[in-house]
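If you look up TrEMBL, you'll see 23-288 marked as domain 'NADH:quinone oxidoreductase/Mrp antiporter transmembrane'. The feature transmembrane segment is assigned by TrEMBL to 96-115, 124-146, 152-171, 178-197, 203-222, 243-265, 277-304, 325-345. Among the features that TrEMBL reports, domain 'NADH dehydrogenase subunit 2 C-terminal' is placed at 290-343.
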Amino acid sequence: MNPQAKLIFALSLTLGTTLTISSNHWIMAWTGLEINTLAILPLISKSHHPRAIEAATKYFLVQAAASALVLFSSMTNAWHTGQWDITQLSHPTSCLILTVALAMKLGLVPFHFWFPEVLQGSSLIVGLLLSTLMKFPPITLLYLTSPSLKPSVLMTMAILSTALGGWMGLNQTQTRKILAFSSISHLGWMAIIIAYSPKLALLNFYLYTLMTAAVFLSLNSIKALKLSTLMTTWTKAPSLNAILLLTLLSLAGLPPLTGFLPKWLIIQELTKQEVALAATIIALLSLLGLFFYLRLAYCATITLPPHTTNHMKQWYNNKPTNTMVAVLTTMSLMLLPISPIILAVV
């Protein structure tokens with residue numbers, strides 16, 4: 001794909017995202033979502049591989065259906081209340097339809113089936129965009145409409161997402177699919193808290209984006225698409241591999257790393273809201289995620305000699321690590337001590 005086309009698609013993605021997150025009117029938000037969908041499709045299918053074409057088709061069908069539901073929900077609300085303002089969503093049927101539409105856009109259970117398949121058919125960089133930037137507009141709409149949505153529906157979806165995201169990621173061997181189920185699991189944490197503390201859900205999303213970007217870019221720089229490839233990358237970039245171990249543990253939410261901060265705050269807030277049972281369940285379900293992060297970390301750094309692998313060792317790469325990877329990784333590991341400042345800003 002030539003640079004001019006890439007630039008046009010990148011600008012369209014920026015425009016679509018900005019339009020949705022800054023709009024007050026449902027039609028403008030819907031337009032932004034459509035621009036985003038149309039801009040990412042060529043990037044998914046640019047390799048012309050059958051799997052990439054299949055991924056683009058699946059993505060288009062799901063996003064088109066979700067956008068139609070967003071439009072239907074806003075029109076139903078406007079019909080009953082005369083309001084097109086995003087924050088004035090008050091009709092119960094509209095609220096339910098919008099919850100379903102945004103769950104489809106984000107890949108929350110039970111509308112998650114498309115996401116691992118689409119991520120598996122994309123490159124790591126496009127996978128990063130799908131896991132982070134493309135989820136920002138729907139999360140913003142969820143943030144703006146959170147007072148109107150039913151906490152019980154969101155909590156059910158959240159617990160199911162965390163359970164299925166952890167459960168289905170256990171036996172995967174492809175790094176992109178593992179990160180897709182990781183994303184579904186993290187979305188569960190955002191969905192459970194958004195009705196009680198929307199700002200905390202956004203903070204969780206920002207930190208998740210930070211850590212996921214660090215993992216995707218690290219995997220992209222060592223070109224690891226499968227666990228078997230990951231086992232041999234310690235010869236290629238030993239320092240990056242060692243740091244990848246810590247980034248994965250941060251994504252799992254282990255203290256004293258950055259990933260522990262949102263989980264700690266969410267469990268604290270849920271306990272304050274007297275839903276300690278949900279907090280206990282979601283905390284226990286995150287152990288499933290911890291298992292497959294540890295498995296990734298084990299493959300990346302601990303399968304050293306005398307453990308033998310039946311794969312060719314890779315040549316040592318003497319190139320310096322990408323600055324972006326270094327900055328994101330550092331932030332993924334070391335933001336916990338400055339959590340009071342982060343909370344003051346948020």
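Just so it is clear, glycine is given a Cβ too, placed from its N, Cα and C backbone atoms.
Spatially, the transmembrane segment (277-304) is adjacent to the transmembrane segment (243-265); three or more Cβ-Cβ distances between them are under 8 Å for residues at least 6 apart in sequence. Counting C-beta pairs under 8 angstroms (sequence separation of 6 or more), the transmembrane segment (325-345) reaches the transmembrane segment (203-222) with 3 or more such pairs. Ranked by the number of CB pairs under 8 Å to the transmembrane segment (178-197), the listed stretches 96-115, 124-146, 152-171, 243-265 are led by 152-171.
Between the transmembrane segment (96-115) and the transmembrane segment (152-171) there are 3 or more Cβ pairs closer than 8 Å, counting only residues 6 or more apart in sequence, so the two stretches are in contact. Within the same chain, residues 96, 99, 103, 108-110, 112, 116, 177-178, 181-192, 194-195, 275, 278, 281-282, 285-289, 291-292 sit at least 6 positions outside the transmembrane segment (152-171) and bring their C-beta atoms closer than 8 Å to a C-beta of that stretch. Panel annotation: around the transmembrane segment (203-222), residues 124-125, 127-128, 131-132, 135-136, 139, 175, 179, 182-183, 186, 189-190, 193, 230, 233, 236-237, 240-241, 243-244, 247-248, 250-251, 258-259, 261-262, 265-266, 317, 321-322, 324-325, 328-329, 331-332, 335, 342, 346 of the same chain, lying at least six beyond its termini, place a Cβ under 8 Å from a Cβ of the stretch.
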